Amino acid sequence: MFFTKVLNNQVANGLKQLPVHKRVQMAYDLHIPNKTVNPNLNIRSHEPIVFVHGIFGSKKNYRHDCQKIANVTHTPVYTIDLRNHGQSMHALPFDYETLAQDVTDFCEDHGLKKVNLIGYSLGAKICMLTMLQNPDLVRSGVIIDNSPIEQPHIEIFLTQFIKSMLHVLNSTKIRADDKDWKSKANQAMRRYIPNGGIRDYLLANLINKVPKGYKSPVINYDDGYIHFQNPVRHMTEVAVKNVSAWPTEHVKGLKFEGQVRFLKGTKSAFIDEKGLEAIKEYFPNYSLSELNATHFILNERPQEYVKLICDFIKVNRYKSLQEHIRHVENFSSAELEARHNAEHERQMEELRQLTQTTPTAEQVKTIDNLASKVDLSATERQQQQNKEITV
């Protein structure tokens, strides 16, 4: 097993072993639609958005973009920290099967259904694998500049990322109390990464104090030096070989029939002809938009990619509503009324019972869920009467 070899190499290099956990608790932020956008907005959503970052990224990288997406689409957006990133646990394995299962576990733990997945780079592959292996969990996907194939040609770039970060940690020995710690780290990384935008992306993980919340068991935050939030010394192999991989054998014959929008940088090689053929095979209902950018689309074309995502989510929601109404219209008026009346009354009676006394935290969740169902029931009846949709 590859990660067993990784653990042995960590010991050989004098490093404390990275723990092995099948499941991890992932840190996340929830971006709620701003009430000023629509004061009457009911934020309960059966189709929330989950945003998955790239290698050495975190949930904080695109928090402003995700808030815009939440506001424009009137949809809650969950941004997560993958294992070994941000404020989430540091642990092996670090492969696509494990990372996709982490996303699935997160959705199930938080009661998220029919999610819209948005993934960038590493996160894009994780989202694609999640869609293929758990299609009932996902409504749609936005895949930002990646394709479902092995990509050995990107290993040279991943290696440079690792070298630059290790150079900051091992060679420069920058003190945490140095007032110029970040600029010195930036200068040190130039040796391996001339692109200032990429350096800024990696430096967003650099800290000069003990982090709040999760504290890695393999990083000594009290040694007086700066540190990356990622366990960089422990990721020299997995961040290169595993990130460039794709579990072809595990997804053979699988397809995701939902709508998937791919965003491609015209100056990027992450979606080539081979990648496009694989996209067609796995995702028959895909569409492709190109932006004048390198692989770092989110930094170079922030307004364009946010608009493309919002338009896609809104159009897809309209199609979802159309499907729902076509389903409802298959019932006769009498059948529909009987169905609604019985279910509506049962839900209302349960709500009455729960709200007679001060509810517990668990009962609050039940009340919220029931209220959402009652709202939907009323909406269905109105739709049957009006025979029209307002989006």
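Glycine residues also receive a Cβ, built from the backbone N, Cα and C atoms like all the rest.
Look at SER121 (active site, charge relay system): DSSP puts it in coil. A simple way to gauge crowding: the CB of SER121 (active site, charge relay system) has 25 other CB atoms within 10 angstroms, across all the protein chains here. According to Swiss-Prot, the active site, charge relay system annotation covers SER121 (among others).
Sequence annotations record features per position, and here Swiss-Prot assigns active site, charge relay system to ASP145 (among others). Listed in sequence order, TYR120, SER121, ALA124, LEU263, LYS264, GLY265, SER268, PHE270, ILE271, HIS295, ILE297 are the same-chain residues at least 6 apart in sequence whose CB falls under 8 Å from the CB of ASP145 (active site, charge relay system).
Swiss-Prot lists HIS295 (among others) with the feature active site, charge relay system. In the three-state DSSP scheme, HIS295 (active site, charge relay system) is classed as coil.
Among the features that Swiss-Prot reports, domain 'AB hydrolase-1' is placed at 48-154, with the record citing sequence analysis.
Sequence annotations record features per position, and here Swiss-Prot assigns transit peptide to 1-24.
DSSP gives ASP145 (active site, charge relay system) a coil state; it is part of no helix or strand. Counting residue by residue with DSSP, the domain 'AB hydrolase-1' (48-154) contains 43 helix, 22 strand, 42 coil.
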